[in-house]
Amino acid sequence: MDIKDIKVTDMDKGLSASQVLNAKSNKIEDQSSKSYKKILQANIFSLFNAINVFLAFLVVLTGSYRNMLFMGVVVGNALIGIVQEVRSKKKLDALALLNQQKAHVLRDGKVDKIPVDEIVESDLILLQAGDQICVDGFLVSGEVECNESLLTGESDAIHKNQGDTLYSGSYVEAGHAKMQAVHVGEDTYVHSILKHAKREKKYPSQLRDSINSIIRFCTIILFPAGILLFLKSFFISQYSLNASILSTVAAVVGMIPEGLVILTSIALAIGALRLANQKVLVQELYCIETLARVDTLCLDKTGTITEGSMKVTGIESLSNYSQNEIRTILSRMFGALQDENATALAIREYCPVEVVPVKQIIPFSSSRKASAVLFEEEGYIIGAYPFIVKQPDASIVEKIEQYAKRGIRVLALCKAKESVQDSLLGDHEPIGLILIQDVLRKDIQTILSYFYKQGVDIKIISGDDANTVQAIAQKAGVQSLAVDMNTVQNIDLALREYSVFGRVTPEQKRDMILELKKQGHTVAMTGDGVNDVMALKEADCSIAMGSGSEATKNIASLVLLEDQFAALPSILNQGRCVINNIQRTASLFLVKTLLSLGCSLLTLFLLESYPFLPIQLTLISSLATGLPSFVLTLEPNTTRVQGHFLRTVFSKALPGAFCILLAIIGVYCFDVLGHQNLTYTQFSTMCTLLAGCNALCVLISVCKPMTKLRMLLVILMCSAFIVCCIVPSLQAWFCIELGVLTWIQKLYVLINIPIIFAVVFGLSRFVDKKLKEFKTN
């Protein structure tokens, strides 16, 4: 940032009220999350909804309102999507409001505390330890230690003097200063990074894409098929207008797997609710499925593997000073020092502070890598050994290097043997080494071990030194050598050979994610800082920490509200449970879709009219598909997701649909060859009875191996179907007229029921066998 041509604001008064009114503000229109209007549009104005609304309109014209029950699925699906997205938005908005930052600015000679979005260009901002920097600018007075880890990924503080540039997204660890705002709002450095996060992303989902492919395919054929079916029914078969409309709507509705759509929405919404109880916010429903298919998990070191804090693990004496004496010195030093960085906090926790009179305090600075306190009789210095001792002892240097290889940071405590200069470098006496480590998250080894056992590869990506990252990764259970990304020329090769990466830039993180996806991996990534935004945007599943930046939380598909990394296995298991159960039960829905397609072809070339009414298909799909699928989807199932969704479900649906079509052809042949002269009511009743038995056979096949719950489910569904077929009022509602069937027609249906069972189970076993042979080969 070139500050030569920037007019410096009055240091004593700051901006006046009139200057504030005319200056550009720091307010940015939030475009990173959906508005309520977009949420409603996305869930209401869809192809699926449009088709069903049009079909419902046709049914309204006939006055047969009971045949509009399929619209319940449409409304339910839209409501689930809207409620889930609105809930996520409200939760994030509440988090943003709770964490709304404020800044101290100098205006009209007074210090005011204002929300950061009210800062304007040229404002003078007062900084102290713990303050978040929310605009770009430069120091006009004082000096501070800035942590830019959210921008760069490096956790080391950077010393800033008068005239140095400060960037939004960093925060002050130590010191007091005054900065002048230069770039605000969309002109800040952070915003230039966030431009990559502004575009809404459609996360990959094999499940969603498969369902959409089915709907697109059905859409292509349902309109011409519907028109042809209507023309044949009305003009050729000479059925009434209302009857022709209803039979056509039945055919078209049957082609759309609307039950599968709402079941998927319900299953994912329930999964999201269960995760919410574990303080995990799901912002993109289908990311639950994506995480279930993940085979590579990319983790940041700070805030993910570690808690983002540090801990003193021990003291090594280098002189006649005992450990207790060294602890006393540290207690007095940090009772005087005002440093609030992670190292100072760790030492204060290890050595409770003791306040004593002091002559001079020299605070920590990243340039001098040390701090000092001079008491009445003696002075002490603490910091990086080479920066405070002019002639370092080779044995001490080697000892420090050995600790570093183990991921331990070492501070040297020296007694001042001469007057202390600002640089703190001198011929001082080393009296002890303070051993400090990053605090690993609880159960991190167990969590990473779990992912390894599930076939998920772990990649540790950090902006810190490669050796430090490697040591911490190994303690966490990632046994791999680290590579410094500054030395890497071929990212593809590095990703294949290494699992731990240091000195990674934000651009390299993004490129690494893209390369992993190019290699065919399904990639999940965790992050908390602005420097992670570009990579998170490219990941198949992005996971943000609740304490992270607003940018990462807005674009992430999952947010760990309490930074509970231990929730990841639960998220994985929840995803597997949802996808495995949907994959198992989806074949029930596709039986109806394939049946409707087949019936449409039979109607065009063989039958006089479509063999089912909408209400008859509603009965079959409710008892043999909808209710059972809902129950089965809630069962626990955490096995690894295997196989392609469409290939797997179609292999199970084809035998059932094929058998129903055979049954319909059988009824047609019985009519023609047996000279039955079946009316439409008789024909549709016989087809409904055989199709219902067939669909229940498919349900029994899907429920294998049987459990008590599944056995009870099958008994209840079969009993309900029988009740609907024999109770007069229910017969009339579902248009199943047993009374119009002759005894020979009833006998035909009864004889075919065991044949249907034998054919369905035989075909299912044959297809399963061939599918296993295909997987083996």
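Glycine too: its Cβ is placed from the backbone N, Cα and C atoms.
Feature annotation from TrEMBL assigns transmembrane segment to 42-61, 214-236, 248-273, 589-607, 613-632, 653-674, 680-700, 712-734, 746-767. The domain 'P-type ATPase A' feature in TrEMBL is assigned to 98-197.
If you look at the transmembrane segment (42-61), the same-chain residues 6 or more away from its ends with a CB under 8 A from one of its CBs are 34, 67-68, 70-71, 73-74, 77-78, 81-82, 85, 215-216, 219, 222, 245-246, 248-249, 252-253, 256, 258, 261, 614. Within its own chain, the transmembrane segment (589-607) has Cβ neighbours under 8 Å at 214, 218, 221, 225, 228-229, 232-233, 251-257, 259-260, 263, 617, 620-621, 625, 629, 649-650, 653-654, 656-658, 660-661, 664-665, 668, 691, 695, 698, counting only residues six or more beyond its boundaries. Note on the transmembrane segment (712-734): residues 66, 615-616, 618-619, 623-624, 627-628, 631-632, 688-689, 692, 696, 699-700, 703, 706 of its chain, located 6 or more positions outside it, place their CB under 8 angstroms from a CB of the stretch.
Summarised by DSSP class, the composition of the domain 'P-type ATPase A' (98-197) is 20 helix, 52 strand, 28 coil. Remote same-chain residues near the transmembrane segment (653-674) are listed as 586-588, 590-595, 598-599, 602, 606-607, 611, 683, 686-687, 690-691, 694-695, 697-698, 701, 744, 748, 752, 756, 759-760, 763-764, 766-767 (criterion: CB distance under 8 Å, separation of at least six residues from the stretch ends).
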